[in-house]
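Annotated features in TrEMBL:
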REPEAT    27-60  repeat 'TPR'
REPEAT    69-102  repeat 'TPR'
REPEAT    111-144  repeat 'TPR'
REPEAT    153-186  repeat 'TPR'
REPEAT    195-228  repeat 'TPR'
REPEAT    237-270  repeat 'TPR'
REPEAT    279-312  repeat 'TPR'
REPEAT    363-396  repeat 'TPR'
REPEAT    405-438  repeat 'TPR'
REPEAT    447-480  repeat 'TPR'
REPEAT    489-522  repeat 'TPR'
Amino acid sequence: MNEIDKAKEIYENLQKTTPIDSFNDLALCYHQLGCIYRLKCNFDDALSNLQKAVEIMQKSRSHDHPDLATPYDNIALVHRSAGRNSEALLYYEKSLELMQNSLEVPYQYLTGTHCNIAATYQALGQYSKALSYYQMALEITQKSLPTNHPDLGTLYNNMASVHYLSAEYSKALSFYEKSINIMQKSLPSNHPQLGSTFVNIGTVHQSMGEYSKALVYYEKAVEIYERSSTFDHPDTATLFENISMVYDSTGDYAKALSYCERALEIKQKCLLPNHPDLGNSYSKFASLYRSMGQYKKALFYYEKTLEIRQLCHSPDHLSLADTYEGIAVLHYSMGQYVDSLINYQKAMETYRKIFPSDHAKLASVYHGMALALYSVGQYSTAQSSYQKALEIQKEFLPSNHPDVATTYCNIALLHRSLGEYSKALFYYDKSLEIRQKCFAADHPDLAATYNGIAQVYRSMEEYCNALSYFQKTLEIQQKCLPSDHPALAFTYYGLGTVYYAMKDNSTALCFYQKALEIFTNCFPSNHAHTVTTYGNIALAHESMGEYMKAASYYEMVLEGKRTSLSDNHPLLAKDYNKIGSMHFLVEDYGEALSYYEMTFEILVKALPSGYPLLAIPYRNIADVYRAMRQYSCSLSYYKKVLDSIQTVPSFYFPWQLTVRKNVIEMSEKLNQYDDTVN
C-alpha cells in the first residue's frame, strides 16, 4: 500500500468514527479525502467529497465565511486537473471574493488565489488577463515582502511563462533573469527552484532555435538537481525530456532516445503505473519515433499514452484531445490522410468543449486538418481550414507570432500546389517578415521559409532564383544543425531536383547522393523519402545514358515499395516497366521481356478488360519481340495495342502512328498485311 492509499484509509476511518455534529472535524475528513482522490485522478469522487466538506462547513458558518475559500480553491484545482478550466475559474473567483471581503486573510492566500486565477486564464489562452492577475499578485507581494524574497522570484517566473506562451521571448528572458537574480541571493545554490528556472530559460532558447544555449541552461539545471535530493524526482524527468527534445530538433536521435529513457526510468520509480505523467512520457517517445520515421513504434506509444489518459481523465479532458491530435499528426506523416482527419475531428470535438471558439488549440487543429485535406486534393476545403486557423491566430496571438508565420507558410504551399505562384510568394514573404523579426538570422524556421520560396521558383522554372534560396536554406542549416539532420537531406534533395531540371545531371547526382546518405541513416530503407531519392538517382543515371546503374536504383525503388505493398499492387507496375525499359535500352531483351510481362500481369489484374492503359505493356512487349526478330509475336502485340486504344483520342497516345507503321513493317516481313491499320 502506498502513502496516498494509507492516508485515504486513515481519513475514511476518521470520517466513520467522527460524530455527525462535529462539523469542523467531519468537514476536514471530507476535505482531505477530496484532495486524496484528486491525487489519484479520481475527479468525480474528489468533487463529491469536497462538496460535502463545503455543505458541512456552511452548517456552522455563514455562506460568505473566509474558511470556505480553501475548499473552493481545491474544488477549482480538481476542475483544472480534469481540464475544466472555465469551471475552475468560477470557484477561484468565489474564493477570491470571500478573501477580499475579510480583513483577516493573510497576504499569501490572496496572492495564491490571484496566481491560481492567472494560471487558469493562462491555460485558457487568455494571456493578457493572466498577466493582469499576476501583476495584482506581484503588487500584493511587493507590499508585504522584501525585494529579494523567493516568492517574488516565483511570480516573475510565472509572468515570464505567459510572455513565453505569447512568443514574447525577449520579455520572457527578462522576467526569468529577474527571477534568477532573486533566487541566487535568497536560496541555496542547489535549490530546486533555481533548477526549474534554468529549465524555463533553456526552453525559451530552445523555442528561439538557440539549441546550444538551451543545452547550457539545461545542464545547469542537471547540476543543481544532482546536488539536491530531487534527482529522482519527476521534475528531473521533465528536464531530461526537454533535453531529449533539443536533440530531437537537432537530429541527434540516439541522444534524444537516451534522455527519454532516463526520464521514463525516473517516473516509473516514483509514480503509480497509470499516473498521467507516465502518459506524457509515452507521448514524448511517440513524437520522437515519428521524427525518426519509425511509425509503428510511434503508434504503439501513442496507444499507451491514450490508454493511461483514458483511465485517468474524463472523455473531454485536454490531454485526450492532445493525444488525438498527436495521432492525427502521425497518420499524416504515414500518408494515412483519412485516419489523420478522423483523429483531428476527435481532437476538435474535445477542444471545443474545453476552450472558447477562438483558442489557439482550435487554430492548431484547423491547421492540421488543412494539411490533411490538401494532401487528399480537397484544396478549397483546405484553404477554408487555413483561413479559420489564421482568423483565430490573428485575434488571439500577436501579429508577429511564429504560429501565424507557419500558417502563412502552409497557405503558400497550397497556392503553389494550385499553380498560383505569385500568391504563394506573397504568403511566403509574409511568413519571412515575421520570422525575421522573431528569430536570429540562423534560425531553422527561416531556413524552412527560404526552402518554400526556392520550391516556388523551381515550379516557375526560375532555376537561378531557386538555387539562390536553396543555398540560403543550406547555409542556415549547416550552421545550426548536425551534418546528418534530415532537414539537410531535404535541401540537398531540392538542389538535386533543380540541377536535374537544368540538365546538370552530374551535380544533381552529387546532391541526391548526399540526401540519400542522410535518409538511409535516419530512416528505414523502405521510407518514402529514401525510396523517392532512389527514383531520382535512377532518373539522373538514365538521363546520362547509364542505363544499368539506373536499373539498379529502380530495383531499390521496387524493393522499398514491395515492403509495404502487395506483390501485384498497381503502383508497382510503373517500376517493373522502368526496369524493363533500362534492360531494353542495353539490348538485354530477355530481362526486358520478363519485366514487361510482370508489368502486364499486374495491370491486367488491376484494370478492366480492354482498358486503354494496357496499351503501354502491349507496346513494350511488341517492341522487344520486334528487336528479337520474332515478328509474329511482335505483330500480335502491336495489334493488341491498336485494339485497346481504338476508341481513345490520338493525343492521349501520340505514338499511335509509330505503332501503325510497325504493324505494316511486321506484316510485310511476314507477308500478312491486312486491314488492321486502315
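Every residue gets a Cβ built from N, Cα and C, even glycine.
TrEMBL annotations: computationally assigned, not manually curated.
Across the repeat 'TPR' (405-438), DSSP helix (H, G, I), strand (E, B) and coil residues number 31 helix, 0 strand, 3 coil. Listed stretches 27-60, 153-186, 363-396 were compared with the repeat 'TPR' (195-228); the greatest number of C-beta pairs under 8 angstroms is found for 153-186. According to DSSP, the secondary structure content of the repeat 'TPR' (237-270) in residues is 31 helix, 0 strand, 3 coil.
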